[in-house]
Amino acid sequence: MEDSLNSPTSQHLLDHREGRERVQHGANTKPHKKLALLPLVFLIYFEVAGGPYGEEPAVGAAGPLIAILGFVVFPFIWSIPEALLTAELATTFPGNGGFVIWANEAFGPFWGSLMGFWKFYSGVINLASYPVLCIDYLKLVIPALSSGLPRFVSIFLSTCVLSFLNYSGLAIVGYTAVALGVVSLLPFVLLSLFSLPKIDPSRWLSSGQEGVERDWALYFNTIFWNLNFWDSASTLAGEVEEPHRTFPKALLYAGLLTCLGYIIPLLAATGAMPLDQKSWVGGYFADVAGIIAGNWLKIWMEIGAVLSIIGLFEAQLSSAAYQLLGMADLGFVPRIFAERSRWFNTPWMAILVSTVITLSVCFFSFTEIISTVNFLYSLGMLLEFAAFLRLRRKFPTLKRPFEVPLGFSGLVLMCLIPSVLLVYVMSVASKLVYLASVLLTSLGIALYYFMNFCKSRKWFEFSRFGDKLDEDDYVL
């Protein structure tokens, strides 16, 4: 048996999933097609970045030098630790649910459930930002979409159409992400090439224009939002072909693509253009493209922005839906959320619920959405780092297909630095974000106890495969 299945929890979940698939196949369900390396790379890429679209406010908030340093340094103190953690745990516990499984194994079902609700909330709330961004770009071409009923209808319809694409199958979504990624990145490659003759390296050293105050909250929120969610693809581990081999490679390639995709266009644009700091807001890259190369590249970049947003939506809806499916496999929510379509073998109920919640919050402002997402995500990541360390201590000899090559003290340091950053991001949140996060956390806790009550009364059917295993169950 493959190394990745030496964890009884993983085998337990895989046996359950295979049994459920056999039942579904008996009901004329199509065979389950696994994700290969290339589509997984681009799904992770869209979970995290989706291109340089959206990094412009970092320059506006703190100037070119600090923005460049942020996108160079931040991957080392945040992205790499999160990706390493994800590679180890996703290959050791390769089941749908990802971080929910890890918290459940480390601290028990209460924390596993709370982790699930924190991450699910942050995922579906984050989804709500993408139709809004998409319409914000389209309104430049169609001004009628700026406000009122046309804007409402366009956001509603775009969300529904994009959700249906997700329903059509994860493999289709994966290869769609490949195509969207290539087309949306190409204008930045061209922008970088056209900028070469005009680059003045001294512009990179500017710490900002005089009279423009630095907005540290905007700066950190921008960089954090553009470089997080590395662990989101772990909820798809049960859908990946040979996850113990595929996941580490996919995270490495997606990491390189993400970091280069941010830093090269940023160096090109800041080096080629005289600094007008207040102009560095969302969408400014398209203006730079128009000035440097012409209107044709500006239009291509605006189209690329819409395609990138579609890729972001598809990747993150997949993660949220399969997380909910994983929570149903673990018995945290009723089994109906694990139901798959007999035509596409996708978790149709989980996709539907995720879409409905997304629609309910997509009419809030973009800033409120992102700040709330960052806060809830930070809570989940603090618990995730703690679960990672706990599992290393709890099962020191457990065979791990991929293992972070550090001793326990090194692992503590690796988790401590990004944890300090998480606490800072939470500390600069607004009162509205604090209130929303308290309410959603309280709702998550209430749902945990309500689900247990439903189990005791047998109001809904729950999976019995999510029970936490004892240490004695691990045969090493």
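Cβ from N, Cα, C; glycine included.
Unlike curated entries, TrEMBL annotations are predicted automatically.
According to TrEMBL, the protein carries these features:
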COMPBIAS  1-12  compositional bias 'Polar residues'
REGION    1-28  region 'Disordered'
COMPBIAS  13-24  compositional bias 'Basic and acidic residues'
TRANSMEM  35-53  transmembrane segment
TRANSMEM  59-78  transmembrane segment
TRANSMEM  99-121  transmembrane segment
TRANSMEM  172-196  transmembrane segment
TRANSMEM  250-268  transmembrane segment
TRANSMEM  346-366  transmembrane segment
TRANSMEM  372-392  transmembrane segment
TRANSMEM  404-426  transmembrane segment
TRANSMEM  432-451  transmembrane segment
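Remote same-chain partners of the transmembrane segment (432-451), defined as residues 6 or more beyond its termini with a Cβ less than 8 Å from a stretch Cβ, comprise 109-110, 113-114, 117-118, 121, 332-334, 368, 371-372, 375-376, 379, 462. Contact between the transmembrane segment (59-78) and the transmembrane segment (346-366) is absent: fewer than three CB pairs lie under 8 Å, with pairs separated by 6 or more positions in sequence. Here the transmembrane segment (99-121) has Cβ contacts under 8 Å with residues 9, 13, 89, 93, 231-232, 234-235, 320, 323-324, 326-327, 330, 332, 376-377, 379-380, 383-384, 386-388, 390-391, 394, 440-441, 443-445, 447-448, 451, 466, 468-469 of the same chain, all six or more residues outside its ends.
Here the transmembrane segment (172-196) has long-range neighbours at 35-36, 38-40, 42-43, 45-46, 50-53, 165-166, 261, 264-265, 267-269, 271-272, 285, 288-289, 292-293, 297, 300-301, 304-305, 307-308, 310-311, 314-315, 318, meaning same-chain residues at least 6 beyond its ends whose C-beta is under 8 angstroms from one of its own.
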